[in-house]
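See structure below.
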Amino acid sequence: MEAAAGVERGRIVVAVLLLGLCILSRLSSAKTFSSRLIHRFSDEAGERLAAGMSLHGAGGFPRRGSLEYYGELLRRDLRRQGSSKLGQGGRYDLLFPSEGSETAGLGNEFGWLHYTWIDVGTPNVSFLVGLDAGSDLLWLPCDCLQCAPLSSHDNSLDKDLSMYKPAESSSSKHLYCSHELCALGPNCESPKQTCPYTVSYYSENTSSSGILIEDTLYLASSGSHASKSSVQASVIIGCGRKQSGSYLDGIAPDGLMGLGFGDISVPSVLAKAGLVHNSFSMCFGEDNSGTILFGDEGAANQQSTPFLTYDGKYLTYIVEVERICIGTTCLGQTGFEALVDSGSSFTFLPDGVYQRVTAEFDKRMNASRSVYDGYPWEFCYKASSLEMPDIPKVTIMLSANKTFVVNNPIFNYYGKEGDLAGFCLALQTAGENVGTIGQNFMTGYRMVFDRENLKLGWSQSDCGELDNSTGVPSPHDRPENPLPTNEQQSSPGNRAIPPAVAGRAFLNSSSASPQHAFWRSPWRFLPLFFAFSVISAS
C-alpha cells in the first residue's frame, strides 16, 4: 500500500510540473512580462520626484552630469565597498594659529622674515614667531642663559614679546631621551634625561640650543568638517636657553617655527594626529602681509611640481628648475635644483645661472645703470615716480613644463625724501649648485607645500580669502630704505640685519659631531638645515 501511494504522489508532482511548463509556454508566445529598471539618478527618476513619485525618499536630487551626480555615485560605490574615502585625511579642513591666519613681513629690524602670533602653554602665552619652511623645530626663548633682549622691540610693536617658562605651564612635559623624537637617546647618560637640542646655522655662527618640551599649541579650525572652534594640539617645542649670532641681533627674537619635512615640525605633528591633511600653505602679499594655513591643499586650478629626494629621502622642499626665461627668451644652461624657502628674503641662483640671467635681463633693460655704494646689488637702475621703465618678465620653468611667473623680480629704492630713486634686480649669486627661491619671488602667490602628495603647488592670490585674523602688529616706524648696507651687514653692533641670513644654515661641525647629529644635511649650504646634538650637563 505504501509503495502504491508513493508512486501516486510522484505522478501528481510530474503532472503539476508539466502543467506549469505548458502555461509558461503559452504566456511567452502571447506576451512577455518585464519590469523596467529606473536609475535613481536618471532624468526620469528626477521627473517622477518632481511629480511626487519619490523613489528614494524626500530630499535633494543631483542633476545628471553634474559634479554632485558623480560624487553621489562614488559615495554609493564606496559605501558598497564598506568604506568611504571621501572626507578622510583630517578632522578639520584647515587649521591656523588661534590669533588668526595672518602673517606679516616685519622688515629689516626683524631680519626680513614673515611672522605670526601663536599661543602656547596653560595658561596660554603669546609669541611672535618667524616662519621658516627650511627647518623643522619650533623653538622659543626660554629660561634664558643667552637670548635676545625682548624689551628692545617694545617701541616697534603693538604687543609685548614673551619668554616661554615651562614651569609655569601646567600642560608642559619634558621630552626624555627615550622619546621616539629624541634621536640622541642612545647618546644620553640616562633614558630619563631631558632631550637636548642644538640648531646650528650657516651665517655668523648663529644657533639656538636648549631642551625639548611637549606643550599645547592653540589653533582655530575652519571648513565643512567642523564649525569654527578652538583646537588644542600637543607639539614639540625647543626651550631655547641659549641663542647666538643673528638671533641676538634681531632675527626671530621671540622664536622660530620650522615648517619642514621632519617628524618634529608642527605640520608633521598635526598631520600625524589626524587633525588635518599633511599639507600647509603660505601666502605672500604685495604689501608684506600674508597667511599660513595648515591642511591647505591648494586651489583646484593651481600648478604643481614634484619635490626632489636626496638618496631616496625627502629632506626639505627642493624642486627642479629646468630653465629661466627673460621676456620671450628662454636661456640655455639655466637648469638647477632650488630650495623653496620662506626663511630666505631673496632669491639665490648658482653662479653660472646668475651670470646668464642677469646678462639677459640687463640687455633688455631700457634704463641707465646705477651703482649704490655699499650695497650688494649688482644690477640697479635709475628711475623716478614720473618715469619707470618696463621691467622684463622673469619666468621660471619647473619640471613637468610648469610655469612660475615672477610677479615682481625687483625692489624699489627710495631717497631721503621718500621719492623713488631707482630699483635693483633682487637676485644674488648662491655660489653653489643649489639655488634658493625666496620670499621675493613668491610674492603674490599662495604657495602650497603638499607633503602628502610630495609636490609644491602655487596659484595667484591676494592672500585675502580668509577673514579670521586678529592681525599681526607691524612696526610703527619702517624706514623708507630698509635694506642694510655692506657695512651694516659686517658690523656686529649695528641694528641692521642682513636679509636672508636666517635662511642660510648648516650643521656646524664644531657644535655637533657626526655621531651626535640628529641628521646631517648632504648639502651643507642649504638654508636652515638643523641637527640636534647632545649638550653636556655642565
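Glycine is no exception: its Cβ is also placed from the backbone N, Cα and C atoms.
No curator has checked TrEMBL annotations; they are predicted automatically.
Computed from a predicted structure; not experimentally measured.
Within 10 Å of the C-beta atom of Asp132 (active site) sit 28 other C-beta atoms, taking all shown protein chains into account. As annotated by TrEMBL, active site applies to Asp132 (among others).
Among the features that TrEMBL reports, active site is placed at Asp341 (among others).
If you look up TrEMBL, you'll see 483-493 marked as compositional bias 'Polar residues'.
Mean pLDDT for the domain 'Peptidase A1' (114-459) in this predicted model: 92. If you look up TrEMBL, you'll see 114-459 marked as domain 'Peptidase A1'.
The region 'Disordered' annotation in TrEMBL covers 465-498.
The annotation signal peptide is assigned in TrEMBL to 1-30.
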Number of other Cβ atoms within 10 Å of the Cβ of Asp341 (active site) across all protein chains: 30
Distance, Asp341 (active site) to Asp132 (active site) (CA atoms, angstrom): 7
